[in-house]
Each structure stands twice: as C-alpha cells, then as structure tokens.
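Here's the structure, in structure tokens; my notes come after.
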Amino acid sequence: MLLLLLGILFLHIAVLVLLFVSTIVSQWLVGNGHRTDLWQNCTTSALGAVQHCYSSSVSEWLQSVQATMILSVIFSVLSLFLFFCQLFTLTKGGRFYITGVFQILAGLCVMSAAAIYTVRHSEWHVNNDYSYGFAYILAWVAFPLALLSGIIYVILRKRE
C-alpha cells in the first residue's frame, strides 16, 4: 500500500510540475525570431537574446485559455491538499472521491485550454512560420496523466 501511495503521489506531483511549467514558460508557439505563450509575445535576436516582449492579445479566447490553465493548477494543488487531508482523516476502506474529482477537473481544464488554443491560435498568428513549443506539448501530456491520477484516486481505497 505504501508503494501505491508513493506512486500516486509521484504521479500527482509530476502532473503539478507539468501544469506549472506549461502555464508559466514562454514556449507555446515558437517561430522565426519570436516566442509566444499565454501571457506575452517576445521577439528574439539571431543570437537568441530577447529584444522585445509585449503583452498578449486581450481576445476572449486567449483569456479563457489563461483562466482554464490557472484553474487546472488550482484544482491540482487543491487535490493534493485534499489527498493529504483524506489520508489522515478517511476511515479504513474509504475512497478518495473528492481528491479524484478535483484531479479529474484539473485534467479537463488543461484539455479545454489546449484544445481552445489549438483551434483559435491561427486568429492570433496569421503567418505560418511557427511550430508548437514544448510548453504546449507539456499541457497535452499533463491532460491524460491528470485524468489517470484522478481515476486512480477514485478507485483507491484506504487501508491501515
């Protein structure tokens, strides 16, 4: 049981790190001399030094992506806190339903954010000289891992 708890805890912390990095890092779209994330657009010199950064667009779809990414981080942190609370207060044989629900909500939020960004980013960047950055990919990787850990929490029973 201890190994199972350590495994699910490791998976949860990995999801949390993926969510934090994908929300914060400026690598959602990368192209010729520019990087874009949820918060700002940056142009870079040929040597890779940042020359100019300006705030991202105020379009509604981007604000919804920002909000759902923040919600996913909040739900995942709350889920981790609830897991520790339930670990010490739950009766023997009880399930971690609340923890699992919040982790599944975190997964659904990050999936919604990445899907909206995938569909709508072409309105923001009209040229096609870009590719998806590693933060965008980390967001998509966090989605199934968060769902998996949420499902494991729902199935998991507490033992002594």
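Here the Cβ of each residue, glycine as well, is placed from N, Cα and C on the backbone.
Relative to the membrane, Swiss-Prot puts GLY133 on the other side from ARG157.
Through the fold, the transmembrane segment (65-91) approaches residues 5, 9, 12-13, 15-16, 19-20, 22-23, 38-39, 98-100, 102-103, 105-107, 109-110, 112-113, 116-117, 139, 142, 146, 150, 153, 158 of its own chain, all at least 6 residues removed from its boundaries and within a Cβ separation under 8 Å. Cβ neighbour count for ASN41 (N-linked glycosylation site): 18 (other Cβ atoms within 10 Å of its Cβ, all protein chains included).
Each residue in the topological domain 'Extracellular' (32-64) has a pLDDT score, and their mean in this model is 74.
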